[in-house]
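Trainee: The structure is given below, and queries will be raised subsequently.
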Amino acid sequence: MCDLIEPQPAEKIGKMKKLRRTLSESFSRIALKKEDTTFDEICVTKMSTRNCQGMDSVIKPLDTIPEDKVRVQRTQSTFDPFEKPTNQVKRVHSENNACINFKTSSAGKESPKVRRHSSPSSPTSPKFGKADSYEKLEKLGEGSYATVYKGKSKVNGKLVALKVIRLQEEEGTPFTAIREASLLKGLKHANIVLLHDIIHTKETLTLVFEYVHTDLCQYMDKHPGGLHPENVKLFLFQLLRGLSYIHQRYILHRDLKPQNLLISDTGELKLADFGLARAKSVPSHTYSNEVVTLWYRPPDVLLGSTEYSTCLDMWGVGCIFVEMIQGVAAFPGMKDIQDQLERIFLVLGTPNEDTWPGVHSLPHFKPERFTLYSSKNLRQAWNKLSYVNHAEDLASKLLQCSPKNRLSAQAALSHEYFSDLPPRLWELTDMSSIFTVPNVRLQPEAGESMRAFGKNNSYGKSLSNSKH
């Protein structure tokens, strides 16, 4: 069962503002060190606080900052506020199929600890953390605050994606950039895009990501009418792997959509664009409900709920699952929130207090506004679900109007839909690709091979599609 996040008490706001200011000022002083000429993942400082049940919970820095721009003054320092502490952080796993949502103690005290890892760097070779370490090759995409380039490391020759965020003198560093960097620095998983480096100058903040060839949206556009069932299964498994990893670390992605799921030329799927992500365990005000692209936004958020849990992401998983199989978006609203809800209720039924306890208390739920629909079998709306064993059952457990009824990522990985996959997939380490397991590979889609499609690059669209 999903607990609710408690609002931050007024007397704690001052402390969180101090944390904001300290971390924001420290952001410009990041000194990235490498032990050799290969890429190495970077870590985020984790602070532990006692929660209501007396268990350690994880706080990711910067996630209590209000969603505005943070002014950063450049100074020089070797202090890195994002290094891991020496103490180990305990994680709590859900004991049932429900999504995870933890309450944090209002009396908890934050005490960051920093451990430095020093290593010499070659005085003659370009260094990580400096603009001259990378060569721009071509422009991939552009957003309101950021431009994404395909680039190459001068250290080891590997391709990278350079997300260059323009800093305004008056506005400072965009907050979503700080949030994305602070979270990604601590995430090490094969199914999460890797942040290699951060470069800060007076004019720009550059996030250096691993280079990935395309995204799921473009892949589905290239192969209309639904993907190969075996490929759907492998893509979904990887998506759930990545989500399970971040959810166990109390992080919500909050913006799941095909454009934010990158796909390499070997078929690896990677979660990207963490500009809207949040660490759930941080005491704060309830979150903005303007966070997820409309088609993939869950009904509880559409109805005004701001009490989020990992269940928020699982609705998006269900929508993406159906879209991969059917070849069309599950709920392609054309007008507004009202239209989006009508499309959902047409399939799942108009909710009431019996089917969704508490729905009448949601700010935007007005029964008289909605047509009364009865729920349908999902195959009536999306017939291709009936062609794949156990697909309809899994989709129905993800697409639940009541968030507490949605399957968690960890539970979904154990669903019978995946029963024909090799058992070794569940034994992989976090950084191991599923394609290291024998006989696990993508099948050719109708019309074109994966390799040919990989040449049609859309990576820049995904990285520049954030709020930056």
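Think of each number as a place in line: the chain as shown, counted from 1.
Including glycine, each Cβ sits where the backbone N, Cα and C put it.
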Trainee: Looking at the ranges 70-90, 448-468, which is given as region 'Disordered' in Swiss-Prot?
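Mentor: From Swiss-Prot, the annotated region 'Disordered' range turns out to be 448-468.
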Trainee: Comparing the binding-site residues Leu140, Ala146, Val148, which residue's C-beta has the most other C-beta atoms within 10 angstroms in this structure?
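Mentor: In terms of Cβ crowding, the pick is Ala146.
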Trainee: Return the member of Leu140, Glu142, Ala146, Val148, Asp255 nearest to Ser133 (phosphoserine) in space, with distance defined Cα to Cα and candidates limited to these recorded positions.
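Mentor: Looking at Cα distances from Ser133 (phosphoserine), the smallest one goes to Val148.
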Trainee: I'd like to know which of the recorded positions Glu142, Asp255 has the most other Cβ atoms within 10 Å of its Cβ.
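Mentor: That would be Asp255, with the highest Cβ count within 10 Å.
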Trainee: Let me know how many other Cβ atoms fall within 10 Å of the Cβ of Ser133 (phosphoserine).
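Mentor: Here the count is 21.
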Trainee: According to DSSP, does Ser133 (phosphoserine) fall in a helix, a strand, or coil?
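Mentor: DSSP assigns Ser133 (phosphoserine) to helix.
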Trainee: Give, as a single whole number between 0 and 100, the mean pLDDT over the domain 'Protein kinase' (134-418).
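Mentor: Looking only at the domain 'Protein kinase' (134-418), pLDDT averages out to 89.
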Trainee: According to DSSP, collapsed to three classes, what secondary structure does Ala146 (ATP binding site) have?
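Mentor: DSSP assigns Ala146 (ATP binding site) to strand.
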